[in-house]
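Here is what Swiss-Prot records for this protein:
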- THR51, THR52, SER175, GLY197, ASP199, GLU200, SER216: aceneuramate binding site (BINDING)
- TYR143: active site, proton donor (ACT_SITE)
- LYS173: active site, schiff-base intermediate with substrate (ACT_SITE)
Amino acid sequence: MAFTGKRLKGLIAATFTPMTPNSDINLLVIEQYVDYLVQKQHIRNIFVNGTTGEGMSLSICERKRLTEEWVKHARGKMDNVIVHVGCLGLSDSKDLAAHAASCGADAISAVCPSFLKPANLDALVLYLKDVASAAPSLPFYYYHIPKLTGITYQIYELLGKVKENIPSFRGVKFSDVNLMDFSLCVSEYKEFDCLYGVDEQLLGALAFGAHGAVGSTYNYLGNKNGDMLEAFEAGNLQKARKIQCSLQEFLYFVFDMAHFSGSKAN
C-alpha cells in the first residue's frame, strides 16, 4: 500500500554543500542559500546531501549538521526538505534516517550500497525496507542513479515489489536516461511520485508524465525551468521546446567545465 500524504511535484533543487576555503562545511551561509532559492529562483523544495551535495564524501557528523541547518532555515519558507540518507553501510543509513525524522525533515531518500551491491531485486527491496523502517513516519524515495551506483535493475519491476513491502514508500528519484522504464513507472504505478533527475532532458520526461524533477541546475536555472513547465502545462510545446534547447546549450558549456565544480561555480 502506498504511503498517504502530500505529493511531491514541480522543481526540487538538489542543493550544493557550501564549503570554506579549508574544505569545512560552511553552515553560516545556508540561511542565505535558502532565501536565494525561494526569492530568486522560486524554488520551494530541496533535496539535500545527495550527489550534488557530495553527501557520500561527507562524514556522518557533517551530514547530520547539514540536515539540521537546512531543515531549520527552510521551515516556514519552503514546502519540503528531502534528506538523502544513503550510505555504503546499512547502520549509517538507518542512523541518518532516524536523525532526519528527529530534525523534522519532510521525507528521506537513499541510494543502495554500490560497493557490495545487492545481488538481486529482492535483496535491494530488503535493504530499502530496513532503511525506511528507521523513519517510518517519513515518506521514502528510492534514489536510482545507475551511472554512479552500477545498479541497473528496472525500476518498473522494483516498484511492483516495494508496493506491499515498504509501507512508507512514496516514489523514486529517477536519475537515468531510460525513458521507457520511467514511462512504465508513471503509467503503471500512479500512487507513487516519479521524480526525474536528468535536468537536460526534463521535457522528455514531462511528456511521459513526470510528477516533478530533482536536479542540481534548478539552483541557478529554476526560473527558466519553471517557465518551461508552465509552457508545457499550457500546451505550448513549441515554447517549451525552445526553452529546453536553450537550457541544453547553456548546460553543455557548464558540464564541459566539469559537471559539479562547474555548476557550483555558477
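Just so you know, glycine gets a Cβ as well, placed from its N, Cα and C.
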Query raised in the report: Near the Cβ of ASP199 (aceneuramate binding site), how many other Cβ atoms are there if near means within 10 Å?
Result: 23
Query - Collapsed DSSP category at THR51 (aceneuramate binding site) - result: coil
Report summary line: Spatial hits near LYS173 (active site, schiff-base intermediate with substrate) (Cα distance within 10 Å) out of the recorded positions THR51, THR52, TYR143, GLY197, ASP199, GLU200 come to TYR143, GLY197
Report summary line: Quick note, THR51 (aceneuramate binding site) and TYR143 (active site, proton donor): C-alpha atoms separated, nearest Å, by 10
**Report entry** Rounded distance in angstrom between the Cα atoms of GLY197 (aceneuramate binding site) and TYR143 (active site, proton donor)
**Finding:** 9
Query - Whole-number Å value for how far the residue listed as 'active site, proton donor' lies from SER216 (aceneuramate binding site) (Cα to Cα) - result: 14
